[in-house]
Amino acid sequence: MNYRHVYHAGNFADVVKHVVLTRLIEYLKRKDKAFRVMDTHAGIGLYDLSSTEAQKTGEWRDGIGRLAGIDAGAEVAASLAPYLDAVRACNPQAGLQFYPGSPLIARHLLRKQDRLTAIELHPQDAVRLKSRFEGDFQTRIIELDGWLALGAHLPPKEKRGLVLIDPPFEQEGEFDRLSDGVIKAYGRWPGGVYALWYPIKDRRSIADFRQRLAESGMARVLDVVFEARPDSNGERLDGTGLVVVNPPFTLEAELRLLLPVLTAAMAEPRAAGWRLDWLARDDG
């Protein structure tokens, strides 16, 4: 494996993804009934922003580094609070040295009746993740290919929950695996909420991916698009996308409130900014 997320932890793509993740989890908590969060590409859980790798790229400075002291009004602050609280929980000495990955953020938000399943294929990363959650009976770490987990571990016994599919996009055909994976998972568990992350670089592949999801038969599919940089014709990461299948009815309004604030904080002046595209919308 060539990809190491520590180089990119806390960048604008992480911020957008994790803000949406927290809004989805907060919605699930509106009911007392237990739910499960599954993270199919969990990583190591916690990233040191003072490490040589993180300092080499410095990507976090234009991501979470821009949000640390954000002041955008009471409603925005309340919506960002679950995310920022999860980040602060990893930095008890104040300041910003550590950034939590998706499994730590999800775990921070769970209630006593909720559960987390974190899937990680790579043995060394899985060992570190297991160490991070040692003794936590609400969390299960499984060393497994995340794509296989979509078949083997769905639906969860709770019958409520969220699946985050966040592949590293280090191999050819990742968009095909992503669309295939969620369509098959939806067939097994049509009531689940699915969040699918993708990088905005190869725009032709993105267009094909979006079309396939639009034609998949999944009833409600919302694409959250955040472009932090002008189009570089695939030379760098221009933006981040997160497709949400079965989004809560509250999500669109929340993101229309939050995305302009995140754009002002993290996007370059000539970037395209944000948009919300319904790829499928059957509210019947």
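Heads up, the Cβ atoms here are built off N, Cα and C, so glycines get one too.
Just so you know, TrEMBL annotations are computer predictions that nobody has curated.
If you check TrEMBL, you get these features:
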type     : residues                               : note
ACT_SITE : D166                                   : active site, proton acceptor
BINDING  : H18, H41, S102, E120, D145, G146, D166 : S-adenosyl-L-methionine binding site
SITE     : Y3                                     : site 'Interaction with substrate rRNA'
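Of all the recorded positions listed (E120, D145, D166), E120 sits in the most crowded Cβ setting, with the most other Cβ atoms within 10 Å. Just so you know, of the binding-site residues H18, H41, the Cβ with the fewest other Cβ atoms around it within 10 Å is the one at H41.
In three-state terms derived from DSSP, D145 (S-adenosyl-L-methionine binding site) belongs to neither a helical nor a strand segment and is classed as coil. Of all the Cβ atoms in the protein chains shown, 23 others lie within 10 Å of the Cβ of G146 (S-adenosyl-L-methionine binding site).
For S102 (S-adenosyl-L-methionine binding site), other Cβ atoms within 10 Å of its Cβ number 24. On the backbone, the CA of D145 (S-adenosyl-L-methionine binding site) and the CA of D166 (active site, proton acceptor) stand 12 Å apart.
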